[in-house]
There are 2 protein chains.
Amino acid sequence: MSESLQELEQEFLDYVKKISAFEEALSLVYWDLRTGAPEKGATQRSEVIGTLSGEIFKMKVSEEMAAFIAGLWVEKVNLSDVTRRSLEECKKEYDLNKKIPAKEYEAYTKLVAQAETIWTTARASNDYDLFKPYLEKIIASKRKFVEYWGYQENPYDTLLDQYEPGMTVAVLDDVFAKLREAILALRKKVEAASYQPDATLLHKKVSKAKQKEFSERILTKMGFDFEAGRLDDTVHPFATGLNIGDVRITTRYDEANFKMAVFGIIHEGGHAIYEQNISPKLVGTPLANGASMGIHESQSLFYEIILGSSFEFWQSNYKDFQEITAPVFDDVSVEEFYRAVNLSESSLIRIEADTLTYPLHIMIRYELEKAIMNGEIGVDELRDAWNDKYEAYLGVRPETDADGILQDIHWSGGDFGYFPSYALGYMYAAQLFATLSKEIPNVSEILASDDYSPIREWLTEHVHQYGMLKKPLEILTNTTGEGLNPDYLIQLLNDRYNFIYKLNEA
Amino acid sequence: MSESLQELEQEFLDYVKKISAFEEALSLVYWDLRTGAPEKGATQRSEVIGTLSGEIFKMKVSEEMAAFIAGLWVEKVNLSDVTRRSLEECKKEYDLNKKIPAKEYEAYTKLVAQAETIWTTARASNDYDLFKPYLEKIIASKRKFVEYWGYQENPYDTLLDQYEPGMTVAVLDDVFAKLREAILALRKKVEAASYQPDATLLHKKVSKAKQKEFSERILTKMGFDFEAGRLDDTVHPFATGLNIGDVRITTRYDEANFKMAVFGIIHEGGHAIYEQNISPKLVGTPLANGASMGIHESQSLFYEIILGSSFEFWQSNYKDFQEITAPVFDDVSVEEFYRAVNLSESSLIRIEADTLTYPLHIMIRYELEKAIMNGEIGVDELRDAWNDKYEAYLGVRPETDADGILQDIHWSGGDFGYFPSYALGYMYAAQLFATLSKEIPNVSEILASDDYSPIREWLTEHVHQYGMLKKPLEILTNTTGEGLNPDYLIQLLNDRYNFIYKLNEA
């Protein structure tokens, strides 16, 4: 009996290893398409994507997979941690797919494929009405799926759980309320401040080569392993872990906006360092990934926002930046520079938002998605609701759909429940940093040095190594001793913007 | 009945399309590994290679494939050209694999994997004796396989046919004898010539950027489509067609040897232009490849040797080269330059050989392989036989195994029968050029222009478009009106080296 369980376990591990191999090939195909594949090969390459995706999907919902789940689930307690958690993930995905009748799932797949194309056209022509019927169908499908999948308290919980296992409306309503209040209060002070940073500094010309040189130096300090990764150019920056020994990041350069690439690279570097440091024992299983979207984002934001946007960081690195870009910033002090890169301004577009306003963009989407999934709002009211919320939270009102409700691709792909991860990332990062600062008291000394490895090692010890072996809330609680707490982010924002806008100097 | 045949035909085409998709993904993985994949990802990437190769192999020898062959073979005459030729190729591969008992094939696969590693060590330590026992086993397996596969006149024919369908010992013995005699006679005159080109010109320093700039200009003139391909750096240059809209070439630069990259890029560009111009109707079938190794090589050599090493080519392009590399070649005339890049010299290493001596390197390998496969020579006599032949044909004798019998990787991988393709490529190219020169009388005018498209179009019309739809000898005969004829290459070599060594000026 015990021997036959071992055999079944091994067969299961071989099976998921094969899925991982197909997924790695697929990731490489996507990376290649987004970094320099010749245009004329794209049509045929989509056949490759179709074949590999099809194979992966087939394996995940196959009768073989059903047999593994049936055979191993009853023996869960006798399995290794890695097998058990892999099995749980496989079962979760199997159930998600199998609970929807095949025909409905197929129709939905076609719908979202069409909807993405329509969304692109609608955004380009500022025409929400064009997109509306598709959005309506997607919402109807998604609500029906939630019925198939089931839910406890709130239908939207089921969707949240797909991106952030364990996250609920009850938790988010609470933390977002606190965070919103704090941000709105701080925003008021910032807007009224007599000192305003010099935004023109952000548009001084810095060549691509110089932006790259500086960013690569920072990546190296952070602990990005160039023997286990690479940095390439792309249009829409991303990080992709092909395997833990090959994690690639990409960026876009604008010579009149150095901030985009420099902070973008630090951000993607944070994602990459996470995946480079997942435990080798998880390789070839579904666990060799980030614990959740929110935890993944917490790692990129830890480097971009917590460290990379701190004054200590720039005190240490500004000299290098000045030297590399000389003479452009010769007459700009580190304080002026620091305040400029961190200025806060209401804006319409989420992906261009600063640290302080970004969570507000997320809350708007969260509130709308929740209302949508609870049937409290229909597609006809959605545009006005969007615009009203922007006016209420950010004091700006979109004049076009492209600057408003059509700006994000997510809904066209049916990705409801994804947005909150971004804001969770901010809160997780601040909360982790508070614990790290207690356990490593000399963080500013580390930031003043050429080697940030104590920080990287701390993150690896508490977060990276586990991949998906632990669930997001488990990681947070084990590390910080408490559940999600927005106070750390609120404190950090207050301290930071008080300094930037000289709010205590009046 | 007819409808059911159509259905079966469609199922078969879908099946081979899926194989093609896996093959495309696998090619991308290899390209990536050879052009810049991070080192630490390589171990895990080999899992991907194993999974994809395994899937491809499984599909090619599956019961489904057997059923397609059984169902469609009897209906061959009612199939479209594309399906019929695809079926033939699938059947050929199916038979090759299925005729060997599975256990023997598996043992052989392991043997060659080991042998390649041993060969690397043996070459590095100049130790043929280390490699000998592996080579002996590979030869024994290969001879046994030939028995399984069967042969008509000569066991070696069966191996030749795998790389160059239809090629036989009877044909090769004849053409190689003529070619050898001509080359040896010409080599004698070249060695005795009072004029010798100035070899030092070949080692003038040219930066990588300049080599690249010039080569890309030539590629563009040749008709390489940069929207359907790209050029990257690598260690061992190659061309790879992922699909006809994405054909990638690679090169290596040595600043003290511009010839390597410049001619290497022209060579790989010839391979790539072939694949870029295969008919779209063959995409997704096994026919979207070169007709054979020899025909593929004929296209790279057509551009590298026939066009790119002609005096007309350099008369037209040398000015550009001088400008880009200025002032390095300012005081070198086009005649001096041309004679230097085409100088002929006996050497020990095949891949460093010049146009005139290269076929001799191939003949040595051909004669030894033929003897091996006919059991006329054993591994113990092989090193002496190799060295004796080098002395006889090239007048040089290897002092080490690395410069002799261990220089090529081919035998360690069991690739007997492959070498002749290279020499066939020379002969095919010269023969095709003779016909082209009749049909397009103003070739030198075209070479003097900025646009070589009439040449590219002629090659596409007669060679490229067909992919594997036609067999190599069919392509040659349809285009030139005769079978393989070494006289065209002999004539070209005589004309060229008479000019280079001023043999008629005495």
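Heads up, residue numbers simply count up from 1 along the chain you see.
Just so you know, glycine gets a Cβ as well, placed from its N, Cα and C.
Automatic, uncurated: that is what TrEMBL annotation is.
According to TrEMBL, the protein carries these features:
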ACT_SITE  B:Glu268  active site, proton donor/acceptor
BINDING   B:His267, B:His271, B:Glu297  Zn(2+) binding site
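Annotated features taken from TrEMBL, shown on the structure.
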residue  : record                             : Cβ neighbours (10 Å)
B:His267 : Zn(2+) binding site                : 23
B:Glu268 : active site, proton donor/acceptor : 26
B:His271 : Zn(2+) binding site                : 23
B:Glu297 : Zn(2+) binding site                : 25
Near-site residues: Zn(2+), ref B:His267, B:His271, B:Glu297, CB cutoff 8 A to centroid: B:Ala239, B:Glu268, B:Gly270, B:His296, B:Gln299, B:Ser300, B:Leu301, B:Tyr303, B:Glu304, B:Gly425
C-alpha spacing of the residue listed as 'active site, proton donor/acceptor' relative to B:Glu297 (Zn(2+) binding site), in angstrom: 10
